[in-house]
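> I'd like to ask some things about the structure below.
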């Protein structure tokens, strides 16, 4: 049985918490439609919070520079130079990472209060992004629906409609550490990661796609079979912060994207999505060991390589590359994006990674 509780979170936000009989629980707040907590039992029944976050609303409003747990949009990831064209019309969106655009701009979807509604155990957050917001055309109505089922699965579904042709690429930016949010880099390196991808999008020095693809074979990006992060993460520069192209994209429904396990605790996370890509990111831009930590929940200091993200998405900068899946949403169309986060302990079978 799944129980859903609603309560205030600070002076302006709401918090919704799902809890199952097994002790699995998820909390989401209306500010940024943000996941703030995911509590998961380990193989001994010990329950730990496996996502990074903050204890209070003020911290999310003022200190969530890394987008911990947030819904990001209108366009997740990067747009080169913050520029693109639709039907010959040029658009300039906000530049908020050097000369480029990241995660929707200066005030993206992670920095606004969403309206909420409840139907059964499903909670839907809604936001109207006005025409011209952060430089994007069209009034965009976005919904994000969260639900939890008894089998320790978090279901997330994004949808959006627009009054004008616009760019849409939504994702959730949760930071996971299956040892617990306080596990740090030492525990992250013990994680074993498999990703269903035989290529990544090639990028320049500013992480903007070149339009080409790189096969992962023989590189640290070859995660088609599970590899221990500690064995591969230091074999390249700034590993990992890359868009992996899901091999089975195009099949109907959601496809297997990734499986991550933490052998000491037995916890695993499997991600399924209907999107063409997933940004695998190992928190490279959190503070390094010689810098002051980002203080999170329970006073824990978060640092570089203290967590990983699996951001299901369209390819970065897709609007500027004709050979990428389209990122343009037209009036009358409905953008949809489904993702499942499946948690458990490692006694269960592992799905086969299929590479064509």
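The backbone N, Cα and C atoms fix where each Cβ goes, glycine too.
Just so you know, TrEMBL annotations never went through curation; they're auto-generated.
Grabbed the feature section from TrEMBL, which reads as follows:
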type	residues	note
ACT_SITE	173	active site, proton donor
ACT_SITE	311	active site, proton acceptor
BINDING	77, 78, 173, 174, 175, 241	beta-D-galactose binding site
> Among the recorded positions 241, 311, which residue has its Cβ surrounded by the fewest other Cβ atoms within 10 Å?
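Lowest Cβ count within 10 Å among the recorded positions (241, 311) is 241.
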> Within 10 Å of the Cβ of residue 174 (beta-D-galactose binding site), how many other Cβ atoms can be counted across all chains shown?
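Other Cβ atoms within 10 Å of residue 174 (beta-D-galactose binding site): 25.
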> Would you kindly give the Cα-Cα distance separating the residue listed as 'active site, proton acceptor' and residue 241 (beta-D-galactose binding site), rounded to the nearest Å?
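Rounded to a whole number, the Cα-Cα distance is 10 Å.
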> Using only the Cα atoms of 77, 78, 173, 174, 175, 241, which the record gives as binding beta-D-galactose, return the largest interatomic distance in Å, rounded to a whole number.
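Binding-site diameter by Cα atoms for beta-D-galactose: 19 Å.
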> What three-state secondary structure does DSSP assign to residue 77 (beta-D-galactose binding site)?
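DSSP call for residue 77 (beta-D-galactose binding site): coil, neither helix nor strand.
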